[in-house]
Amino acid sequence: MTSYFPWLTIIVVLPIFVGSSIFFIPYRGNKVFRWYTICICLLELLITTYVFCYHFQLDDPLIQLEEDAKWINIFDFHWRLGIDGLSIGPILLTGFITTLATLAAWPVTRNSRLFYFLMLAMYSGQIGLFSSRDLLLFFIMWELELIPVYLLLSMWGGKKRLYSATKFILYTAGGSIFLLIGVLGMGLYGFNEPTLDFERLANQSYPVSLEIIFYLGFLIAYAVKSPIIPLHTWLPDTHGEAHYSTCMLLAGILLKMGAYGLIRINMELLPHAHCLFSPWLLIVGTIQIIYAASTSLGQRNLKKRIAYSSVSHMGFIIIGIASITDTGLNGAILQIISHGFIGAALFFLSGTSCDRIRLVYLDEMGGISIPMPKIFTMFSSFSMASLALPGMSGFVAELVVFFGIITSPKYLLMPKILITFVMAIGIILTPIYLLSMLRQMFYGYKLFNALNSNFYLVDSGPRELFVSICILLPVIAIGIYPDFVFSLSVDKVETILSNYFHR
């Protein structure tokens, strides 16, 4: 389905181009920049929603709203965009979380013009990545994230922000080298002239050894971004130091880019190598769930505890992708959306709580539920969603991944039982570290008595409640009616797997 109006180009370029004019607005206080950025995000979200409702057909698994314009003749590089059931969910998630993260960044006053512009630049990069249909364009959008995150972290982070920012850029730029090698290798192989078009590459076959090399290159890049152990160590440091609005973008969207790339490129374009690597991905995903959950339990820093919980929950996405079943892959896509909401909300609430009490270590907290009952209620709700309470999105996503691995014809019965048993241990560990976190923060009287005489702790205001409730509603809605997300992806998943098995 080719669109005669460039809807996707408008959606991709609007935030960064309109956002760049923020530097030309006369200074009338930070409020002007905040409202300007909020208006851009809302306009972008409205256009995206309109395009999805009126120009996207759910029952069509093919690429829709395609745009193709030649960019660089010498390398056959095209501005090639298109969306399908796999990309529409992450695009809508990006719009929703970025708008709320901009609203959450209301207290930022230092150099706010640059701060909001960097958030809008991330917005364009993320939408561009999810709608790219050209490998080199995919790589450019992947790289567009690095500088904004580095600057947001190094300029508005905590005490160790420079260390965390340097670690982030070393890990992600190092992973990007492998991504670029894979992109150029696939683009230059097998054709008379270089081609980077996803459609043509999907029909290209490679020698098994070469396909494994390409697969490994892409996998290393995605392992850093997702993150997959052992390339995950930048994440807790980054989350521990970043401003909570930046953490919302990192946990809600940035981590999902790696999982999306794993499905879009490794599964679709390199199926034979994925067949060979899927048992190893299954093992790594299972170890990741247990390891990250156990490590989270030992974290004193509140943000680092939530960061390790993110690493643990990303393990379910890896297992869903490795199951090579309709059910497992749909579960992985649902977990991408679900964890995007829950992770963003937990980092927002932890950030606002730490700002109020001026502490980040759990063993120094206690009794916050008495002066801050609204934050306590919202924090408890999202913690329950994270530990997969029935009726919330986390439960459905993890349950569907379980069914996916159990019903997978690729694996023998005993390995499936073993993997399921170990995953169940991870699910048992999750409530232990989350409930102990709630107990240390909100129960008892330690901090309440210590601070009662010094200053009054302010509870969540209307803006913060609005952000929390806006994220809670889709978490409950997906938990009650997950078919809304499945209806986006189910046809595309069938297409991926039918190509996979009949190639």
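Note that Cβ sites are derived from N, Cα and C of the backbone, with glycine treated the same way.
Just so you know, TrEMBL annotations are computer predictions that nobody has curated.
From a predicted model like this one, the values you see are computed outputs, not experimental measurements.
According to TrEMBL, the domain 'NADH:quinone oxidoreductase/Mrp antiporter transmembrane' annotation covers 132-414.
The annotation transmembrane segment is assigned in TrEMBL to 6-25 (among others). Residues 32-33, 36-37, 40-41, 43-44, 47-48, 51, 55, 65, 67, 79, 81-83, 91, 113, 116-117, 120-121, 123-125, 127-128, 131 of the same chain, all 6+ positions outside the transmembrane segment (6-25), place their C-beta atoms under 8 angstroms from a C-beta of that stretch.
Feature annotation from TrEMBL assigns transmembrane segment to 32-52 (among others). Note on the transmembrane segment (32-52): residues 7-8, 10-11, 14-15, 18-19, 22, 25, 65, 88, 91-92, 95-96, 98-99, 102-103, 105-106, 112-113, 116, 119-120, 123, 127 of its chain, located 6 or more positions outside it, place their CB under 8 angstroms from a CB of the stretch.
The transmembrane segment annotation in TrEMBL covers 86-106 (among others).
What TrEMBL lists as transmembrane segment is 113-130 (among others).
Annotated transmembrane segment per TrEMBL: 136-156 (among others), in sequence order.
The transmembrane segment annotation in TrEMBL covers 168-192 (among others).
Sequence-distant contacts of the transmembrane segment (247-265) (same chain, at least 6 residues past either end, Cβ-Cβ under 8 Å): 86-87, 90, 93-94, 97-98, 100-101, 104, 119, 122, 126, 129-130, 135, 138, 142, 145, 149, 182, 218-219, 221-228, 235, 238-239, 303, 307, 310, 314, 317-318, 321, 329, 332-333, 336, 339-341, 343-344, 346-348, 351, 496. Under the heading transmembrane segment, TrEMBL lists 247-265 (among others).
For the transmembrane segment (277-294), the residues of the chain that approach it from at least six positions outside its boundaries are 212, 215, 219, 228-229, 232, 308-309, 311-312, 314-319, 321-324, 405, 410-411, 419, 422-423, 425-426, 429-430, 433, judged by C-beta separation under 8 angstroms. What TrEMBL lists as transmembrane segment is 277-294 (among others).
The transmembrane segment feature in TrEMBL is assigned to 306-325 (among others).
Look at TrEMBL and you will find 382-405 (among others) tagged as transmembrane segment.
Taking Cβ pairs closer than 8 Å, the transmembrane segment (417-438) reaches residues 282, 286, 289-290, 293-294, 296-297, 302, 305-306, 309, 312, 315-316, 319, 362, 379-380, 383, 386-388, 398, 402, 405-406, 411 in its own chain, all 6 or more past its ends. Among the features that TrEMBL reports, transmembrane segment is placed at 417-438 (among others).
The transmembrane segment annotation in TrEMBL covers 465-482 (among others). Tertiary proximity for the transmembrane segment (465-482) is limited to same-chain residues at least six positions away from its ends with a CB under 8 Å from its CB atoms, namely 96, 100, 103-104, 334, 337-338, 341-342, 344-345, 348-349, 374, 378, 381-382, 385, 390-397, 400.
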